[in-house]
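Peer 1: What Swiss-Prot records for Cys131 is active site, proton donor, and it gives sequence analysis as the kind of evidence. The disulfide bond annotation in Swiss-Prot covers Cys131-Cys134, and the record cites similarity to another entry as its basis. Per Swiss-Prot, the feature active site, cysteine sulfenic acid (-SOH) intermediate maps to Cys134; the stated evidence is sequence analysis.
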Amino acid sequence: MSLDSLKSAVPDYAKDLKLNLGSVIGNSDLPAQQLWGTVLATAIASRSPIVLRELEPEAKANLSPEAYSAAKSAAAVMAMNNVFYRTRHLLSDHEYGTLRAGLRMNVIGNPGVDKVDFELWSFAVSAINGCGMCLDSHEQVLRKAGVDRETIQEAFKIAAVVEAVGVTLDAEAVLAAE
């Protein structure tokens, strides 16, 4: 189970995705923890069993136990936050924005890894889940911490490719079962 296995599973009509897997993940300039934490968090967020099954072992091999757990935590807490804050943002009644959230999200304050890495993973998950409010918030925290736009873009490129591969392979699995 690996990036190479996943690339091999991508159908010919989606050759661009196969090439992007190789360039965006296989040849990334991100430090290993940022790269593989982003890969794991976005694989979880993609909701694709195939993608998660193929990428998780390689991510686990490249992350410390703390980073592995933190990347999963980023995917979990952002699954909740992205729905909550996206809904609050999209409602035409802006009074919801003044109400207390009342949701526990302690892991954001104490993720067990470098907070910049956790923010990057949270940002990438937010890209998949489409929460503009969360994207802006995490991007601002990253920029204030000195993270350059190129690094931030790498995270959402990973998110885009992982999501697209998940959609494609899950569709192929359904079509093959017919």
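Cβ coordinates are placed from backbone N, Cα and C, and glycine is handled just like the others.
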Peer 1: Who sits close to Cys134 (disulfide bond): which same-chain residues at least 6 apart have their Cβ under 8 Å from its Cβ?
Peer 2: Met78, Asn81, Asn82, Tyr85, Arg86, Ser122, Phe123, Ser126
Peer 1: Counting only residues 6+ away in sequence within the same chain, which have a CB under 8 Å from the CB of Cys131 (active site, proton donor)?
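Peer 2: Spatial neighbours, sequence-distant, of Cys131 (active site, proton donor): Asn81, Asn82, Val83, Tyr85, Arg86, His89.
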